[in-house]
């Protein structure tokens with residue numbers, strides 16, 4: 001007998017954005033519920049696994065922490081492929097990191113799947129007195145691209161879990177819509193040739 005799959009969905013999610021915006025800290029907070037004041041400069045790419053129970057489904061997230069430095073762009077570009085979700089992070093206290101979001105959107109358009117889910121995240125909201133990026137400005141920017149926006153603090157865990165859960169839910173809903181609306185010429189084929197994926201689903 002074959003064993004039941006450990007999860008219903010498997011999603012690859014990328015964290016991208018300038019160096020120092022807190023991508024690694026967001027990942028550590030979500031995956032391990034930990035925090036470090038030490039600056040983490042990611043060398044290349046690292047990832048963590050986190051399993052969620054969402055809307056009655058078990059979802060396994062593979063979250064990749066990609067370096068933001070320019071010299072790593074050529075290394076990380078290949079990792080855009082196959083990602084179902086991309087979380088674009090900027091630092092609320094660093095105007096340049098927000099200005100560069102537009103360039104990162106260009107990277108996504110160039111390397112990622114056309115229908116990949118995206119989420120704009122303004123991190124470090126705990127530094128209230130140092131905040132320079134206006135929330136409404138960031139929200140308007142996100143709306144112009146048709147993507148959700150949320151502000152977080154990895155240090156005090158504000159909205160961190162919500163950030164990843166909302167991304168997972170958006171991906172799941174998008175894939176559910178795709179599965180439930182097959183093209184007319186695919187219906188007969190699918191009824192005759194059922195997939196042998198063992199219940200696991202991984203889509204771009």
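Positions of Cβ are set from backbone N, Cα and C atoms, glycine also.
For reference, Swiss-Prot has these:
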- 17-25, 35-42, 65-69, 123-126, 153-155: GTP binding site (BINDING)
- 39-47: motif 'Effector region' (MOTIF)
- 182-191: compositional bias 'Basic and acidic residues' (COMPBIAS)
- 182-204: region 'Disordered' (REGION)
- 192-204: compositional bias 'Basic residues' (COMPBIAS)
- 204: S-geranylgeranyl cysteine (LIPID)
Residue 25 (GTP binding site) versus residue 204 (S-geranylgeranyl cysteine) - Cα distance in angstrom:
26
Residues with Cβ closer than 8 Å to the Cβ of residue 125 (GTP binding site), same chain and 6+ apart in sequence?
92, 131, 151, 152, 153, 158
Site with most surrounding Cβ atoms, counting all protein chains shown within 10 Å, from the recorded positions 21, 25, 204:
21
Please compute the mean pLDDT of the model over the motif 'Effector region' (39-47).
65
